[in-house]
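Peer 1: Submitted below is the structure of interest, expressed as structure tokens.
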Amino acid sequence: MAQRTGLEDPERYLFVDRAVIYNPATQADWTAKKLVWIPSERHGFEAASIKEERGDEVMVELAENGKKAMVNKDDIQKMNPPKFSKVEDMAELTCLNEASVLHNLKDRYYSGLIYTYSGLFCVVINPYKNLPIYSENIIEMYRGKKRHEKPPHIYAISESAYRCMLQDRKDQSILCTGESGAGKTENTKKVIQYLAHVASSHKGRKDHNIPGELERQLLQANPILESFGNAKTVKNDNSSRFGKFIRINFDVTGYIVGANIETYLLEKSRAVRQAKDERTFHIFYQLLSGAGEHLKSDLLLEGFNNYRFLSNGYIPIPGQQDKDNFQETMEAMHIMGFSHEEILSMLKVVSSVLQFGNISFKKERNTDQASMPENTVAQKLCHLLGMNVMEFTRAILTPRIKVGRDYVQKAQTKEQADFAVEALAKATYERLFRWLVHRINKALDRTKRQGTSFIGILDIAGFEIFELNSFEQLCINYTNEKLQQLFNHTMFILEQEEYQREGIEWNFIDFGLDLQPCIDLIERPANPPGVLALLDEECWFPKATDKTFVEKLVQEQGSHSKFQKPRQLKDKADFCIIHYAGKVDYKADEWLMKNMDPLNDNVATLLHQSSDRFVAELWKDVDRIVGLDQVTGMTETAFGSAYKTKKGMFRNVGQLYKESLTKLMATLRNTNPNFVRCIIPNHEKRAGKLDPHLVLDQLRCNGVLEGIRICRQGFPNRIVFQEFRQRYEILTPNAIPKGFMDGKQACERMIRALELDPNLYRIGQSKIFFRAGVLAHLEEERDLKITDIIIFFQAVCRGYLARKAFAKKQQQLSALKVLQRNCAAYLKLRHWQWWRVFTKVKPLLQVTRQEEELQAKDEELLKVKEKQTKVEGELEEMERKHQQLLEEKNILAEQLQAETELFAEAEEMRARLAAKKQELEEILHDLESRVEGEEERNQILQNEKKKMQAHIQDLEEQLDEEEGARQKLQLEKVTAEAKIKKMEEEVLLLEDQNSKFIKEKKLMEDRIAECSSQLAEEEEKAKNLAKIRNKQEVMISDLEERLKKEEKTRQELEKAKRKLDGETTDLQDQIAELQAQVDELKVQLTKKEEELQGALARGDDETLHKNNALKVARELQAQIAELQEDFESEKASRNKAEKQKRDLSEELEALKTELEDTLDTTAAQQELRTKREQEVAELKKALEDETKNHEAQIQDMRQRHATALEELSEQLEQAKRFKANLEKNKQGLETDNKELACEVKVLQQVKAESEHKRKKLDAQVQELHAKVSEGDRLRVELAEKANKLQNELDNVSTLLEEAEKKGMKFAKDAAGLESQLQDTQELLQEETRQKLNLSSRIRQLEEEKNSLQEQQEEEEEARKNLEKQVLALQSQLADTKKKVDDDLGTIEGLEEAKKKLLKDVEALSQRLEEKVLAYDKLEKTKNRLQQELDDLTVDLDHQRQIVSNLEKKQKKFDQLLAEEKGISARYAEERDRAEAEAREKETKALSLARALEEALEAKEEFERQNKQLRADMEDLMSSKDDVGKNVHELEKSKRALEQQVEEMRTQLEELEDELQATEDAKLRLEVNMQAMKAQFERDLQTRDEQNEEKKRLLLKQVRELEAELEDERKQRALAVASKKKMEIDLKDLEAQIEAANKARDEVIKQLRKLQAQMKDYQRELEEARASRDEIFAQSKESEKKLKSLEAEILQLQEELASSERARRHAEQERDELADEIANSASGKSALLDEKRRLEARIAQLEEELEEEQSNMELLNDRFRKTTLQVDTLNTELAAERSAAQKSDNARQQLERQNKELKAKLQELEGAVKSKFKATISALEAKIGQLEEQLEQEAKERAAANKLVRRTEKKLKEIFMQVEDERRHADQYKEQMEKANARMKQLKRQLEEAEEEATRANASRRKLQRELDDATEANEGLSREVSTLKNRLRRGGPISFSSSRSGRRQLHIEGASLELSDDDTESKTSDVNETQPPQSE
């Protein structure tokens, strides 16, 4: 930007004075102090200078007050040089960090510069004051300027978008985002102001009737929207409480032709309540302040304090008057074209909203019902809205609600009534706002001019992160996620498009996908559903609440990476989403209500039926709202009728918003977006104050830092070649030579001279691109260079000035000497008399000469005057002639221009006619193909009809057969039911016996159940721990110990059993049975233990095999890696051989050219010899004979040589192709060969062979080199010995023969190579076969391993089941001993110990949480360091580059300056020290990694011990005898655990110290640690999900089983009545068939009548076409005339072209002859005659050319005559058009007749039954096709008439088209009549057959299903009854099972039944109704 001093007032807020910034003193101060940024609580960041470094901390001195402080290195951020102060684009900053960005924005803001570029977008900070930078002068300053030509401004963004739209013809968008009060609305208005000024449609136009009306309306739309949609908040006095997208349409020329506004998320709740110190929408205050008395009385207005909805009364806005704003709003409405009635109706609705708030309800005494004690307010409200007061009161207090199929009056409570009134007020205002926007769009819509492009301006709130966020914040943040994704994608796309334009190598990166997980979390419809989908789903569920919604959300999305449970606000927030801008806690209160937005549909219906048309229009979509019955149905009924009737009739708020957002994003994606980020500087609304922390938060939320980061990942600094050369050529003084050089080449030379790293720059087509910081480095080098040059220049200037002063003094000294000498001489001569005489006489000598000189001058003056007059006359004559020639030239040019234009028009007409003809021919072909297709379809339908008739007959036969089978099945069903009843009776007897037995054991079972439940819980814990540990040995030892304990307890129980035998005989029998069962279980347990041991042994063998296999696999991988290296070397050698092969072929080609050169030299020598033969006559004949012989031999040898070379080249090409194929195969096999071990040997052999080949080829190349050198020697000898031609020719022949031999030899070599390549291919195939075999073997091993693992898991499950049975028996026997009472004390003691342990565990978990918080702190530090990671890497590269540059300079100047050696040594020492520090940090990082691993291992050990402790607790709970011992062990383990925790604490403290010290190295380790942690969490999560899934599946299976049982009951009840229904259905079918036949006959009759009417219409159409044909005949005559004229024109053009070709041919011959004359100097005398002849021929041709030109003029005259004839023909065509109009009238009459036909068909459709609707609709479709064809014909006719106006040759094609269409239309109508009849008959028959078939199939399937169910139930019950009888006889365990489902089982084992009487009866009924599967 140009430097400016003394800036004017507006420019002071736009431009920066760079002269102040480029201050050398400031630069030197910055360099000396090592300034950096350090964190500050007050200022965000403060400037400080580094004084001392102490390890990880740095001593700094604050620049502001000089205080010193210790700061961690990680908290320091680099500072940019002073020359980057107040930079206009922050992407240019070399050190890009939060501190630098904040400092730059702060400096510019304090200087009044509120606009700053940040990469590709613009950042705006609200100044909170008016700046003079928005005037028309500023607009004109930015108009037509590019972005970089002017300082940052919203006008620059608007201008860029406007110019891009005009140039690229692509729609544009400007996206303004930011917090409330940041200035989004104001910047939106400035954009509209700029576009309205720049693209005003009335500027430069002739129409001044309504100057700029559209632009005025566009500007006045904002005040209206602000009045109804803006409000005063704490942050902003004019806050937009809605988002809007303003779409401004432009025409092709860039003028505004219309606009459209779309709004989003109006905060309608503000209309009913406001926060403290806030206002509702402006219109309420404006209306109450500005309305006159008459208007107030009409609207029933009162004071501010009389309205409940104005929560805070009247709150004025500083600097604004609501009364004046009301007048401005009314004036804006008038400008927008609002009528007085519309304005009054709107204000009535506004007043009614206030009246809603004044309605008060009262709770009645004895009930909760609400009542309205005072209805005055209701009367006012109903008066304003046009409703009945009584109906309104009834609808509010006792609305009608649909329950089932009936409507009931439901009384409302006071809370429900208040809620309904507020909801109505909000809905009314929202609908008013929507109508207002629609009305403004209607006013801004213009249909006169078509808009081709548009610019959209988006004004929407940015990310909102409060302490607790609701549904509105979710919608806003969801929108911003989508916009940020669009920003990332678009920004980097633009950057990369420039790279592609400039031809830079670049890998495409899409940053838009980074935000996709969070977007999916919100909007995903299913699998799993997102937040909005779950909210919609929950809205439909009965008895759903916000709590159930949150539970579902956690269940579905709990594992999502962007979803978390709140940590800090656990009690307040429900869930947390990680947005782009940060973590946001959401509170889901009233989300269901907000999403449904329910209304009192009774009142809504009254509003819809209002007497006020405006109110009725607002509520016209009343059928799409959620009513009270909907909400009632959710809370009281389970999917009631209200749910069914209302579903699908409306969409929820979330769904509507998602759709509108999707539409908006689709619009924005199709545009070129321009981003404007608005920032609020403070919340006090004070000008000149900037809160650093607030701005930093907004920068993060707006993505400013992220955007710059994305921009800097590429090459953010770029400069055009010319500017780079001009600015930095000073650094490379001798790199560019003098003279002209292309800019790109010059820059490449400069870059090479600067010795830059190639990774730091890219050279494009017009610019050179640099990484961040490179230009800053070049600037520093340039400053140093300029400083040296200036110093040198000053020295030169001082020397020059000193020398010049010295020379001047010397000159003065010599002049003084001359003056002194002259003065001394004058003093001597002044008294001499002759001197006096001399001084007096000398002047007189010139007097006589002066007169002579004057006379000579006078004569000379007269001559000059005469010449001047003569020249002036000649000049006038020349000017007159020149003017005359110019006039003639202009006339000729105009004539020539007119003729060329006429010719071009004629040519264009011919091209258009040819294109039209082609189009008509294509249409004709399409029509013909359609006719053929219709015929084929008719034939297909005919065939289908025959097939369907045959199918109907088959179905009738099947129906008869199935009827007989059904009767048989009915008989079998009756017998089966009798058997089932008998079985049920037997089962009831058995159940009675079981119930008696169960009653006796009921008391005992209750206590058993309690203990078993406790043991089951402990067992579940043990099982989970066992799964985690996977230690089979520990589990086996536990089993052995438990078995021993069980044996002891069994012995004790036997003793107790003997005692109990004397007490109760019944119990003795039961205990004996239990004892027998225990013995059996013991035997089974021993067997299972043996099986478990075998399984464990097999598992050990399998693990051993697996380890061996893994070892073999690792060895194979190592071998494959070696093989890969050998293969790469082999590939390199092969490439080298290929290169040598190419070199060899090139040498052969060179040899061939050399041989041809030798032949050329021999030909030249032969010519010399012929010249000598002319001089020596005697030798002429002999030499001619010899030359002939030699020529024949040479020709023969050439042919042989050429053929040999061609064959050789073909063989080489074949070898290359074959080799290329082999290379492809080889590359395909490379990936597979990695797994094969034998490839090493094969490829080594191949390598040896290829090495051998390479050596062979090297030898061949050397031989060829030798032969080439020999050829060179022979060629030299041939040139020296010209007299020995014969010998030289012999040598050439021998050389050719040798070349042929070489070619043959090379062909043999190629064949050898080919065979070797074939061998290689065979070897590769063999290797692939071996690889496949090995892979199949590996798969077999894996399958065997999987099968063994499955067996092991099954055995483990069996073992666990045995453990459960053993534990159950143990608990039961313990209860029988009655020792439970004695053990209760110990159990309580154990529970207390357990509670203590749980407390200890909780304390440990708290400590772990503290450690987690410490880790979070470290993660924050890591995030801060991550932001500077890119800059650090860049700086590291920069430092390495500096070191390399210094090394190079050391080598250059080592011999010249001794001081440079010291400097280079110092730099080398610094480099070594830096490298040592880096190595030391790397070692620290490794030690840290080891320490972390040790900590993780200690943590795992702690977890294992914790789990062991829980296992010990379980053992304590299960074993009652060793209580004290276990407690002691628990205490010991507790102490050990606490000791380990203490050790872990110390270790973690050491780790924290080391982590704080080596934060840079820790970054890599934390990434790995996070990955491991995420993997562990994912594993746990998947395990939990699997458990939950199993649980859900079990519940689902239970529900399915219950549903199946219920269905079976229903089917059994309906089975008896099915036969009667089938018979009735058959009778109905027969009756329907008869009725259908009758209706079919009636339709056939009606169709015949229609066909007769169609024939009459066709006759009328033919008459109309006959009249049209007469018109076409007349037009054909005119076409013939045109054709003849066209033929003449074409003939003349051909003649002209032939003459032109002849002229060019003659000129070509002349040029060739001239060349021959010039070349043939020896035959000059013989060619002179030929030259004269040719000159005569040329003269003749020139005469002919002149004749052709005269003919051309005649042709032009004739062409003009033809144009006149064309004009006359056009007049004739005008007459023809009137005749064509008559034919159009006839066509319209036919269309009317067709419409009448359609009406008749509709009447027929109403008469025929519903089953024939499809047939009638098909007929309508056919008639519609005819109408479309007629309309198409009309369109083509109209297009043809338009083309006739322009050209004379279109009549023929149009008439031919009309004739073809007439003929085709006749054919189509005939075919359609036939097709209609066929289609009608076929469809009728098809429908009848399909209905009959479906009915028959349904009945057959139903009967078959019932039969199958009955047979299955019968057989299953019979089997179960038999098994039950057998088991009862044996006295063994009885199990009733539903084998059909396999999921519910009831085990009865002796005395261990666990069912009550009720349960037994229900189970019995379930068993009776369960059917086992029947195998068919």
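Cβ coordinates come from backbone N, Cα and C, glycine included.
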Peer 1: Among the residues Ser360, Ser1698, Ser1956, which does Swiss-Prot list with the feature phosphoserine?
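Peer 2: Out of Ser360, Ser1698, Ser1956, Swiss-Prot attaches the phosphoserine annotation to Ser1956.
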Peer 1: Which range is it, out of 270-292, 615-637, 661-683, that shows up in Swiss-Prot as region 'Actin-binding'?
Peer 2: 661-683
Peer 1: Pick from 839-860, 861-882, 1499-1520, 1697-1718: which range has region 'Disordered' per Swiss-Prot?
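Peer 2: It is 1697-1718 that Swiss-Prot annotates as region 'Disordered'.
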Peer 1: What same-chain residues lie close to the domain 'IQ' (786-815): Cβ under 8 Å, and 6 or more beyond its ends?
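Peer 2: Distant Cβ neighbours of the domain 'IQ' (786-815) are 730.
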Peer 1: Near the compositional bias 'Basic and acidic residues' (1698-1708), which residues from the same chain, at least 6 beyond its ends, have a CB less than 8 A from one of its CBs?
Peer 2: 1737-1738, 1741, 1744-1745, 1748, 1751
Peer 1: On the 0 to 100 scale, where does the mean pLDDT of the domain 'Myosin N-terminal SH3-like' (31-81) fall?
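Peer 2: Looking only at the domain 'Myosin N-terminal SH3-like' (31-81), pLDDT averages out to 86.
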Peer 1: When DSSP states are grouped into helix, strand and coil, how many residues of the domain 'IQ' (786-815) land in each?
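Peer 2: With helix first, then strand, then coil, the domain 'IQ' (786-815) has 30 helix, 0 strand, 0 coil.
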Peer 1: What counts of helix, strand and coil residues does DSSP assign across the compositional bias 'Basic and acidic residues' (1698-1708)?
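Peer 2: Secondary-structure composition of the compositional bias 'Basic and acidic residues' (1698-1708): 11 helix, 0 strand, 0 coil.
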Peer 1: Could you break down the residues of the domain 'Myosin N-terminal SH3-like' (31-81) into DSSP helix, strand and coil, giving a count for each?
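Peer 2: Across the domain 'Myosin N-terminal SH3-like' (31-81), DSSP assigns the residues as follows: 6 helix, 30 strand, 15 coil.
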Peer 1: Which of the three DSSP-derived classes (helix, strand, coil) applies to Arg18 (omega-N-methylarginine)?
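Peer 2: Its secondary structure by DSSP: helix.
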Peer 1: What count of other C-beta atoms do you get within 10 angstroms of the C-beta of Arg18 (omega-N-methylarginine), across all chains shown?
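Peer 2: Step by step: centre on the Cβ of Arg18 (omega-N-methylarginine), count other Cβ atoms within 10 Å, giving 15.
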